[in-house]
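One structure below.
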């Protein structure tokens with residue numbers, strides 16, 4: 001079976017996380033299925049210099065957010081799972097409560113029901129009780145809550161270094177190794 005990963009980009013700040021995932025997966029020759037929310041399109045335009053077509057060209061397949069009949073909306077379409085990078089609190093809440101009202105949340109619902117890996121790079125601070133409850137619930141459902149917290153021990157030099165390490169770590173949860181996912185070797189004596 002070809003390795004396939006669904007990449008969801010939702011409307012939280014941090015559109016770059018989704019782009020970096022697509023870049024790293026292209027280098028690994030893993031088939032990517034991209035779905036981008038309307039809020040994510042707004043974040044792309046306000047936070048980055050990326051053109052929409054430039055981002056979409058990184059994916060093997062791009063599915064419109066409203067296409068509930070897309071292949072990734074069915075459990076019979078085999079994937080390694082789904083990475084939502086970044087994941088807004090609205091998307092998290094929709095996944096937890098089973099609202100498959102758009103293709104991003106429907107695909108996440110399918111990944112959970114098929115017992116595949118769902119990794120949510122949640123982006124919000126500070127967190128309120130509803131956020132924390134939803135994170136707990138999605139974890140109980142089998143999802144992985146993965147806030148993209150900078151790994152300062154790696155001594156990042158740029159924002160891209162921080163993004164690359166977080167995304168590489170998230171991809172390692174799918175068994176995908178990238179050059180940015182080097183193992184921690186411990187502290188020097």
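Using the three backbone atoms N, Cα and C, a Cβ is placed for every residue, glycine included.
Pulled from Swiss-Prot:
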BINDING   11, 12, 13, 37, 88, 89, 90, 91, 123  FMN binding site
BINDING   153  dimethylallyl phosphate binding site
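Residue 88 (FMN binding site) falls outside any helix or strand according to DSSP and counts as coil.
Every protein chain shown contributes to the tally, and the Cβ of residue 88 (FMN binding site) ends up with 24 other Cβ atoms within 10 Å. In this structure the alpha carbons, written CA, of residue 13 (FMN binding site) and residue 153 (dimethylallyl phosphate binding site) are 24 Å apart. In sequence order, 184 make up the list of same-chain residues 6 or more apart from residue 153 (dimethylallyl phosphate binding site) whose Cβ falls under 8 Å from its Cβ. Following the DSSP three-state reduction, the secondary structure of residue 153 (dimethylallyl phosphate binding site) is helix. For the FMN site, whose binding residues are given in the record as 11, 12, 13, 37, 88, 89, 90, 91, 123, the maximum C-alpha distance rounds to 15 Å. All protein chains shown were included, and the count of other CB atoms within 10 Å of the CB of residue 123 (FMN binding site) stands at 21. The FMN site is defined by 11, 12, 13, 37, 88, 89, 90, 91, 123, and by the 8 Å test on Cβ atoms against their centroid, the other residues of the chain that qualify are 10, 39, 40, 86, 87, 92, 124. Cβ-based neighbour count (10 Å, all protein chains) for residue 11 (FMN binding site) stands at 22.
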